[in-house]
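These notes concern the structure reproduced below.
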């Protein structure tokens, strides 16, 4: 019996454990100081009332013989897939129910989608980025190349036709940088993918944070994208579902490679290795897309975006370079005085008792940068920004 | 961009769609006849009150800022893993929390576990069996060999030391045959696996249906199993969770191959490609393992097992050979008069308006056999058996 040796090539990520250890040690040595975390990538506002009501109602349905539900379709209930088609319709994107797959979250699908691709494809991944794109491909032994995000391109790297990539990851709004591609830039990526018969894996987990109506909230708003892109989205950040677990993946019927619709391959994968999302959770997700639900989640998003505005206002006052924060809950700043990521981490923790995430943890190009998030409490965000202003003005 | 060509080697399964079509056509031609299905592999009794209460309570917790939960640990909450350790303790099996992984069901984990094994391992799969063992390995291009279940071995094939297998699937109580391995037989499989340094993937999804206290309900009741077996279980059939989705996988720390604990590899897989089961669902699952919950699910299992008794009594009266039904919700019978599986299907549908599942759909060795399940309504089971007796006595 041989294990998958590719796993031995994975690097352990010490990012969040190291942050935890440093904060713990600081608190032990400074028990009187209040430490504020703006490093967290998790929501803090509870589920909205429309969702809680739907979850509770569905729970009781499951206890009643007449309304009990056993196995559902692996790809999700029609009621939820239709609600998602309706959500896309408002974005100007026409989808059929068969093109939408319900999942337990974007992370699962972004990892599992690789099952349907040969391991000898070359993968193009932004640097810096969400670490699981890299790790899931290392597990399969795929060749990984990087596209460089940096200050010059505002962390929005563009295609280079000399680069021979088969699978391209794009995350917009980006985690960790908060940078968002415009329509023209995405169109260039679609053209590149179409030219190479490549496939774009488009992670739109943060689309609901886009405020600027000119920015695309789905890659399918770009002509030609249905022939080259799979879109992954999640209710985690849209509706506070990080602990409730529901997402969706869109594979348009027009997306065909080697003569086979990828939709059909993914359907086969999911019906064989997945049994669908809990009925109760799908009812909660359906409520997100109701008029009441959409109104309620909009308030939560507005709350987080006001936090982001407070953070970016502070950075502007301090003359610190940053991207993100305007159409994203993430703010990506350049460490002042040319500090390295971890230097700035220690500096902020020690002098302002504020915790963020060192950019170096998201890839080589993240060195010298730092991520703040807007998911905290308003009062704490205000206090943290006052401390930073006092320290650095 | 190349697709995973192994997918092209998958055979489409027409089993359940063909059953559906035949039943539909029969009903159209015989609108006055009441057709009873004993083919269904899904539960029909609702969730028990203890579970519904926990689900509903957790739903409300998620709507409250103080009790809201974001991301949990990918491998599951401690409260549920501890409850499962407690459940195993009663079976005489000591497990630590780190050895238990919570999942959305056995099907997902049985498929995804293959990620941690090289594709050049040889896989040994019972015939007949649950079809996804075969399909998930075809997707990875692994070499598959079969062990023959048949009338002579009561559909409990034993190891053959001439066979060189690296990964061995055992499902006990078996789906579709309902056959259950005794301790001595399982010990032989464990010895074989230990001798070859192979790994047993032990599917115990139906363990809670075992009535005979001498039969093992976990492979870890067998000495040496912790060094060679991974156990997959689910609340789907134990507690009616087919639409609620929660299962668990046990990987003992002692299980080491190529110098690496498989527990560590699986933890890496899950933390990279999974984000855990919904908090709400984990609270529902926790309630299953409470004294109240265990008492309530026992009643449901007793209900199904009484259905099974009614079915097996009928088969005994008719002198029809069968296995299962005594420690399993599945009854696997030999088609009378040497009928083929689909012949008997048509015969029962046409003459008794009873639907079952042709054994041929579960592998070559299933030809000439037929599966009935105990998951139906009591009244309908009784009616179906009366019709069969009238037809065949």
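Just so it is clear, glycine is given a Cβ too, placed from its N, Cα and C backbone atoms.
Quick look at what TrEMBL lists:
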BINDING   A:14, A:41, A:107, A:130, A:175, A:275, A:371  substrate binding site
BINDING   A:71, A:106, A:107, A:130, A:175, A:206, A:234, A:235, A:236, A:245, A:275  pyridoxal 5'-phosphate binding site
DOMAIN    A:34-388  domain 'Aminotransferase class I/classII large'
MOD_RES   A:237  N6-(pyridoxal phosphate)lysine
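Around the Cβ of residue A:236 (pyridoxal 5'-phosphate binding site), the number of neighbouring Cβ atoms within 10 Å comes to 25. Proximity to chain B, defined as a C-beta distance under 8 Å, is registered for the following recorded positions out of A:71, A:107, A:175, A:237, A:275, A:371: A:71, A:107, A:275.
Rounded to the nearest whole angstrom, the C-alpha distance between residue A:175 (substrate binding site) and the residue listed as 'N6-(pyridoxal phosphate)lysine' is 12. Ranked by Cβ neighbours within 10 A across all protein chains shown, the binding-site residues A:14, A:71, A:130 are led by A:130. One residue stands out among the binding-site residues A:175, A:234, A:275 for having the most other Cβ atoms within 10 Å of its Cβ: A:234. Candidates A:14, A:41, A:71, A:107, A:130, A:275 (binding-site residues) were compared with residue A:237 (N6-(pyridoxal phosphate)lysine); those inside 10 Å Cα-Cα are A:41.
Other Cβ atoms within 10 Å of the Cβ of residue A:371 (substrate binding site), summed over all protein chains shown, number 25. For the recorded site, residue A:107 (substrate binding site), the DSSP three-state label reads helix. Considering only the binding-site residues A:41, A:130, A:275, A:371, residue A:71 (pyridoxal 5'-phosphate binding site) has A:275 as its nearest partner by CA-CA distance. Distance between Cα atoms for residue A:130 (substrate binding site) and residue A:234 (pyridoxal 5'-phosphate binding site): 15 Å, as a whole number. In the three-state DSSP scheme, residue A:371 (substrate binding site) is classed as strand. Just so you know, the Cβ of residue A:107 (substrate binding site) picks up 27 other Cβ atoms within 10 Å once every protein chain is counted.
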